[in-house]
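Structure record follows, encoded as C-alpha cells.
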Amino acid sequence: GYVNGLNAAEETLRENRSSGDMDGSAAAMRSVSHNGCGHYLHHLFWRCMTPNGGGGEPTGDLRDRIESDFGSYEGWEAEFREAASWPAGGWALLVYDPVTKQLRNLAVQKHNDGALWSAHPILALDVWEHSYYFQYGPDRGGFVDA
C-alpha cells in the first residue's frame, strides 16, 4: 500500500544520500509524492468518514468561510459535486490556500496530479471506483450524495 511505498522510497533516498550514489533517487522522489499523497488523502478521507467526522452541513467558522469564499453553502456544494463527478476518478478536495487566503475545491487525479502547492486539505472525497462500486455500483453520484 501507500505507507509501504512511501517508507521504501524514503529508505532509498536515505541510502542514496548516505552513499552519494543518486541512482534511483528520481524514481524514489516520484514515489514519495505519489505514495505520500495517497496515504495522506486516505487518512483524511477516513477521518472525515468516521462518526466523529461531523456529517451534515458545517457550522461556525467553516460555514462562514465557505459562504464568504463561495457565495453560499449551496454554491460550494454544487462546485464540490462537480469536482467529484469528473470521469477519470480521483479525489474531490476542499482545501485552504494560504497564498490567496481562500478555500478552494480541487479535482485531483492520482493523488498528486492536480494538487495545489501549499494548500491544506480540509475535506477529502475518494471518487475512485474502489470507494463506491461495491455499494453503489456505477452510481458515483449516489455515493457523492450520501
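Every residue, even glycine, has its Cβ placed from backbone N, Cα and C.
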For this session: Given that Swiss-Prot annotates Asp126, His130 as Mn(2+)-binding, name the residue from His42, His43, His120 that shares the site.
Result: His42
Seminar exercise, completed: Other than His42, Asp126, His130, the chain contributes near Mn(2+) (Cβ within 8 Å of their centroid) the residues Leu41, Phe45, Trp128, Ser131
For this session: Can you tell which of His42, Asp126, His130 has the least company, meaning the fewest other C-beta atoms within 10 angstroms of its C-beta, among these binding-site residues?
Result: His130
